[in-house]
């Protein structure tokens, strides 16, 4: 399985009972020059969501929190058992050809015999390439579904995920249950289920978008952290319970986890629509998404011209057929018709890309998006952490899974107490944006050193402090998400978050190929080199650090920060 998503306003909430789905993409946003970046930042600093009363807003956030808890719990509960089931199937297939006497009367092989490199490399291939296929399909689907969310609403889009998640679970169960008939690698077909709704990538993008629709910038980072803490608590509890149930039978926690995940997705049925909750746009600044012209073009004139050309082309074709017959159409006519078709395709492509052009007009946005990409590449090694600990230190997968469950337990106090306390102190002397960038830089250093320590640790006693140090950087991606959100207009957030999820999906695609092969190479080399994947990802974190240290806030943000500090000093002056 994979990860979660969001949706529309309930008719019962009168405060959210707004006009029918009016278009909200601003035509002016696509023609904004880079010199307007400071104005956008100040607008985001001062703007607040309009309209929603406290009751429906709280109801929305509670529903989103419930979805996050359910889906995170389900994934965390099923991931460890799924790895063990994959390993047992690969192990049985290996010993059927190598030494059938190792297979017990129940048709299974003892787990300690499954730590050989042949089994572990196959396990790494199955899990790694499954991430590759999931990420590849998600990358292709995220933008179309993101446009749907911007045009028809968040709820309508997220509801499409319900059949997708159901089909994904069905494929998994069929392949694993009938493993004596179906090859283990058939599980890769489960990625096709994400054709319905776009899968976890689209789901998470919509959740972030709905949350951003009803929150102000000053509270957004705090809400991001609350969502993260919710997921971490769910991870800690469910992973621990899953590890205990695995000692009985790994199928028990996996089935429970799948059921909880699907229940969380079904909660989308109760979500309100938030598309029109954000700051209202003036009527003249609104334009239908499908009416957005390519830059510098007159959409209406082009559409009329295309229809006229098609009519004239059709008339010419009939005239030619009348005189010469259909078999004697001149080659020049066919070339002209082909060129017209290509021209229409190019215009359609440009019109679909135009809503995203605001990203490329701000170098700081591009820089932060690059950080998202490399960060996702660096996180690729986390997919194999349970298998790595189990293989390198000869632990059972259940015990390795239990150890990993304590990582989110460390993250909870970090997000609930440590980071908020630091943030409250820093925001007295600097703007929210400057505070976020400073904490992001500290976080990336912790991630780099902690990941390197995991790869170099010769014993489990050294892995634990490295995990703790790595956990101290867990807030990095939330600081960056808050920063990049402050650089765009509210009506661009859905598209921005879609691009972020696409970039992370692309990062997952690249990581699933590269990190999988690096991990398999480390297993084959053995010894010290088993941690090669973590040594590699620590160098990638260094690249992210370079991007973050090069980031500069718009000048207006620094000016506002200086004014705030001067006001604070004036207040405390005698």
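Each Cβ is built from the backbone N, Cα and C atoms, and glycine gets one as well.
Taken from TrEMBL, the feature compositional bias 'Basic and acidic residues' applies to 1-22, 303-324. Per TrEMBL, the feature region 'Disordered' maps to 1-55, 291-328. The transmembrane segment annotation in TrEMBL covers 58-77, 129-148, 160-179, 185-211, 223-245, 251-271, 365-389, 439-461, 467-484, 496-515, 527-549.
Here the transmembrane segment (129-148) does not lie next to the transmembrane segment (439-461) in space: the count of CB pairs under 8 Å, restricted to residues six or more apart, is fewer than 3. With a threshold of 8 Å between CB atoms, the same-chain residues lying at least 6 positions outside the transmembrane segment (467-484) that come near it are 208, 217, 220-221, 224-225, 228, 365, 368-369, 371-372, 375, 406-407, 410-411, 414-415, 419, 432-433, 436-437, 439-440, 442-451, 453-454, 496, 500, 548, 551.
Distant neighbours of the transmembrane segment (185-211): 2-7, 60-61, 64, 67-68, 71, 126, 129-130, 133-139, 141-142, 144-146, 149, 154, 157-165, 167-168, 171-172, 175-176, 220, 223-224, 227, 265, 271, 274, 481, 493-494, 497-498, 500-502, 504-505; these residues of the same chain sit at least 6 beyond its ends, with a Cβ under 8 Å from one of its Cβ atoms.
Segment contact holds for the transmembrane segment (251-271) and the transmembrane segment (223-245), given three or more CB pairs below 8 angstroms at sequence separation of 6 or more. Here the transmembrane segment (527-549) sits apart from the transmembrane segment (160-179); fewer than 3 CB pairs are under 8 Å, leaving out pairs fewer than 6 apart in sequence. Ranking 58-77, 223-245, 439-461 by CB pairs under 8 A with the transmembrane segment (365-389) puts 439-461 at the top.
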